[in-house]
Ligand code: FES
């Protein structure tokens with residue numbers, strides 16, 4: 001469903017990372033964590049391609065939702081200049097999100113711009129009574145965001161590759177030291193992180209491969225992936241969330 005949404009607020013929360021709150025009726029159709037929206041940045045032909053951006057937070061009471069994105073190309077840089085009161089053309093919600101399973105204790109692992117959809121996921125799991133532990137990985141302190149928000153939902157650890165914040169190293173360095181018993185893991189982040197997690201975690205889990213998406217709309221074929229069955233699928237239309245082992249990473 002295409003909609004013009006009102007921008008309620010926008011702020012920079014880390015290096016090149018922006019958080020935008022949008023308001024509109026379309027929020028009522030957003031239910032599953034891990035889904036994404038399609039943003040059309042401009043009416044000019046210059047940035048006509050839509051950008052897939054994950055949904056970080058849904059607030060049904062106020063008909064608002066939050067997206068967090070990295071401003072790195074011309075389109076998203078233009079988007080980062082939008083202000084309260086401007087509007088944005090959004091197609092939403094798209095993709096298949098994370099199944100919510102009623103477990104006792106789950107591990108949630110995010111890397112970089114893969115972190116945002118896990119916040120809404122953790123909120124919904126906490127509402128179900130599921131205990132969540134979070135491990136968030138970034139390159140450096142300047143890239144860290146949402147650490148405090150995740151802390152309000154459960155134990156939260158941060159790893160940075162250069163050691164400038166939290167544990168020096170990768171999310172797997174933190175996970176190796178955790179003593180808890182987990183029933184399941186949920187992850188979103190770079191493909192290499194998902195691959196290592198899938199191969200080393202002695203746990204079932206769900207991974208989101210949203211980083212691999214281009215158009216996000218089934219037309220560019222940038223997201224085609226091989227499945228463990230040996231056929232090929234488009235992540236944007238059949239994912240981005242899959243059960244561990246379903247996709248060849
Ligand atoms: Fe373009 Fe899937 S991202 S076809």
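Each residue, glycine too, has its Cβ placed from N, Cα and C.
Source: prediction; values computed, not measured.
If you check TrEMBL, you get these features:
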{"type": "DOMAIN", "residues": "1-100", "note": "domain 'FAD-binding FR-type'"}
{"type": "BINDING", "residues": "51, 52, 53, 54, 68, 69, 70, 75, 76", "note": "FAD binding site"}
{"type": "BINDING", "residues": "215, 220, 223, 236", "note": "[2Fe-2S] cluster binding site"}
Quiz item: Given the binding-site residues 53, 220, which one's Cβ is surrounded by the fewest other Cβ atoms within 10 Å?
Solution: 220
Exercise. Work out, from DSSP, the number of helix, strand and coil residues along the domain 'FAD-binding FR-type' (1-100).
Key: 15 helix, 50 strand, 35 coil
Quiz item: If you measure from the C-alpha of residue 53 (FAD binding site), which of the binding-site residues 220, 223, 236 fall inside 10 Å?
Solution: none
Practice problem: For the recorded [2Fe-2S] cluster site formed by 215, 220, 223, 236, name the remaining residues of the chain with Cβ within 8 Å of the site's Cβ center, in chain order. | Solution: 52, 213, 214, 216, 217, 218, 219, 221, 222, 234, 235
Quiz item: Just checking the binding-site residues 215, 220, 223, 236: which sit within 10 A of residue 51 (FAD binding site), CA to CA?
Solution: 215
Practice problem: Would you pick out, from the binding-site residues 68, 215, 223, 236, the residue whose Cβ has the largest number of other Cβ atoms within 10 Å? | Solution: 236
Practice problem: In whole Å, note down how far the CA of residue 236 ([2Fe-2S] cluster binding site) lies from the CA of residue 70 (FAD binding site). | Solution: 19
Exercise. Calculate the distance in Å between the alpha carbons (Cα) of residue 76 (FAD binding site) and residue 215 ([2Fe-2S] cluster binding site), and round it to a whole number.
Key: 14
Practice problem: Taking ligand 1 as the reference, state which of the binding-site residues 68, 76, 215, 236 have a Cβ closer than 6 Å to one of its atoms. | Solution: 215, 236
